[in-house]
Amino acid sequence: MSRHLQEFITAKPLIGFLIALSTLDVFSGTLKNRLKIIFLTISNVFFVCLLYIHVKNTISSKININFMWTFLMWIVLSVYHLIIILNLFKRNKFHLLMQNIQKLFEEEEEHEDLEEILKKHLTYSMKVFLFLNCWLIRIGLGLTLIGGINFRLNDEFGLIIEFPFIASDNFIKQESPYIIQTVFVFVAAYILMSINVGFIFLGLQVIAEINILTDYMKLLNEKIKTHPKFWRKITKRHCSVIENLNLLSEIISETSFMQLFANCVTFMFGFSFLMKYSDEIVNYMVIVAGTMFSLHICILGEFIKIKTDNISEIFYQTNWYDLSLKDQKMFLIVLGMAQREYGLKAVGMYDVNLYTFVHIFKIAFSYCAVLFSLSQ
């Protein structure tokens with residue numbers, strides 16, 4: 001068994017859980033994972049309800065930093081609940097893309113150089129995925145722990161959810177609401193980061209297949225004469241890349257828009273907090289959290305755009321005249337496909353790339369700067 005396939009099989013239960021959590025799939029997978037998804041979902045829904053109750057009870061009395069934090073948390077979690085609902089209706093596309101990815105890992109090449117290309121890119125994609133899965137979730141939970149401590153020590157932040165049934169002069173019962181609140185935020189952060197990591201895995205494998213196609217095409221000129229059927233392998237690989245890229249685009253079309261929206265809202269709240277309470281470390285964490293909501297999608301979109309544009313450039317360097325007449329006709333068709341503009345788009349209209357992320361950052365900062373100057 002090849003190394004990249006072994007790594008994929010080892011990580012498959014984790015990947016399956018991430019996809020199941022993203023699509024709220026409690027009907028497949030192991031019993032442990034299904035119970036875990038049910039617990040996480042119920043806990044998160046309960047947390048959103050408690051946040052809403054707090055917002056409803058405080059909006060008519062006073063609007064302070066505590067209310068703004070509660071309102072921000074409620075908006076972000078509501079957005080991610082909507083993302084899960086949208087993913088639920090696209091569950092078949094998730095499964096189809098996962099099947100295509102598994103076939104890619106199970107594929108074996110006859111020629112050693114092609115097998116080496118396949119192994120290199122798939123192994124690298126798995127290493128990046130496992131690294132990000134480990135550290136992104138740890139960073140998210142670490143920020144949550146720091147935030148929980150800060151909310152307990154600073155009376156201006158305090159509780160963002162209400163527990164009237166725990167009210168008591170007893171020390172343990174006084175502290176338990178803060179502990180429960182931190183646990184709820186821990187669960188919410190874990191769900192958000194897991195959904196993001198699931199998207200990252202899908203994007204990394206699509207990028208890996210694009211890299212494999214690119215390296216195959218670089219060998220085309222020297223293999224045209226020795227392996228006449230090599231062009232057909234290129235054609236098949238190119239069609240597979242387009243199919244998986246289209247599946248990924250359809251999967252994240254609406255969800256990427258929702259993540260960009262959550263990113264923008266978080267930046268607006270975060271910059272507003274910083275301008276008024278610049279000495280509070282928890283307010284800087286809002287900017288970090290907002291970055292983690294959509295930066296991964298924007299980076300994936302940027303890489304996919306660059307690499308798909310590079311494919312059409314490599315096609316122009318191909319010695320197409322060495323192909324048979326039948327393959328030359330096929331070459332023109334594939335060349336036309338390669339010249340199309342590929343990339344990730346939010347709701348089919350907005351490009352998802354680093355420029356979009358920077359643009360949202362600038363808009364949020366400018367908006368908050370104007371409001372702050374007007375309030376002085």
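The backbone N, Cα and C atoms fix where each Cβ goes, and this holds for glycine too.
Computed from a predicted structure; not experimentally measured.
As written in TrEMBL, here are the features:
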type: TRANSMEM; residues: 37-55; note: transmembrane segment
type: TRANSMEM; residues: 67-89; note: transmembrane segment
type: TRANSMEM; residues: 128-149; note: transmembrane segment
type: TRANSMEM; residues: 178-208; note: transmembrane segment
type: TRANSMEM; residues: 257-275; note: transmembrane segment
type: TRANSMEM; residues: 281-304; note: transmembrane segment
type: TRANSMEM; residues: 354-374; note: transmembrane segment
Self-check item: Stretch among 67-89, 178-208, 257-275, 281-304 sharing the most Cβ pairs under 8 Å with the transmembrane segment (354-374)
Solution: 257-275
Exercise. Give me the stretch from 37-55, 67-89, 257-275, 281-304 with the greatest number of Cβ pairs under 8 Å to the transmembrane segment (178-208).
Key: 281-304
Self-check item: Same-chain residues near the transmembrane segment (37-55), Cβ under 8 Å, at least 6 residues beyond its ends
Solution: 17, 20-21, 24-26, 67, 70-71, 73-74, 77-78, 81, 159-162, 184-185, 187-188, 190-191
Quiz item: Counting only residues 6+ away from its ends, which parts of the chain sit with a Cβ under 8 Å from the transmembrane segment (67-89)?
Solution: 22-24, 44-45, 47-48, 51-52, 54-55, 58-59, 157, 160-161, 185, 188, 191-192, 195, 251, 254-255, 258-259, 261-262, 265-266, 269, 272-273, 286, 293
